[in-house]
Structures are given as structure tokens and as C-alpha cells.
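One structure is given here, and the rest of the page talks about it.
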Amino acid sequence: MNSQDTFKFAETHEWADQEDDGLIWVGISNHAQEALGDVMFFQAPKLDQQVKQGEAIAVIESVKAASDIHAPVSGEIVALNEEVDASPELVNEEPYGIWLFKINRPLMRFLYPTRCALEFRKILCRPWRLIIKLKWGRAQLTSECGLLC
């Protein structure tokens, strides 16, 4: 798996990373796993399933909520992470080191808009920035997530 710096992020909090063999590894962002809380169940897509970009293809559940996972690209599901199936809580321990499934797609074309890691961090801070701006009238503050907005 490549470095998190090469990951592409969807605004729906999936990350995707294309490996040298052309397969696209998919997981969820750290922000998503923190918002979910303790992950207890992962309903994976079906192996060999054809998926369309943006389609809800899997579900991840915690004690607090359930969330759809969307396909960042169109293609075929060619691998499922059996470790996550057996121990879904692994997603909480290492969200950028644990992939959920792999999609076979030779060219990585993402659902608009996708962002690099830095741009994604800015999106995460956006709601806090608006709340803080209204309350204190200042544009540059650190959000509760600890990122400079």
C-alpha cells in the first residue's frame, strides 16, 4: 500500500489508492471512523460484483450509527479483506492501513470531487470554521479536530 499522501479522498469519506498492479484499494477516512465510533460490523460488497462510481456498495456499522460506503470508481470487486470481516474493529485501529475491498479498474478516475489529503483536511474543518467565524468573527482558528483551518 502506498503512503497516505497518495490517497484520493471522496467527500463521502472513502479513500482510494491505486497500486502498481492497477487495483484500487478502498478504505474509510480517519474522520469517518472517529465519527462512527467503535466499528462492530462490516457488510462487504460481493466478490466479482460490478460497481458503478458513486454507488453505495457496502455498509459499516458501529454502536452509534451505520454508514454506506460508496464506490470511488466503476469496476469489479476483485478482493475483500477477510481480516476486516473477522475483526471489523481493525478499521478503528488503523483506518489508513486497513483496506476494505479492491476494485479492478485500470485507470483511476474518481467521482467528482475527490481531494488529496491536504484538501480533504480543509473540507473536514469547513463546518467548524463557519461556526467559529460566526461566534468570534475570526477567520483562522484551530478546529476541535486539531487541524488548522
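Heads up, the Cβ atoms here are built off N, Cα and C, so glycines get one too.
As the structure is a computational prediction, the values presented were derived from the model and not from experiment.
Listed in Swiss-Prot:
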type    : residues : note
DOMAIN  : 23-104   : domain 'Lipoyl-binding'
MOD_RES : Lys64    : N6-lipoyllysine
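On the 0 to 100 pLDDT scale, the domain 'Lipoyl-binding' (23-104) averages 95 in this prediction. Annotation note: Lys64 (N6-lipoyllysine) sits in a coil segment as assigned by DSSP. The residue listed as 'N6-lipoyllysine' is surrounded by 12 other CB atoms, counting those within 10 A of its CB over all protein chains shown.
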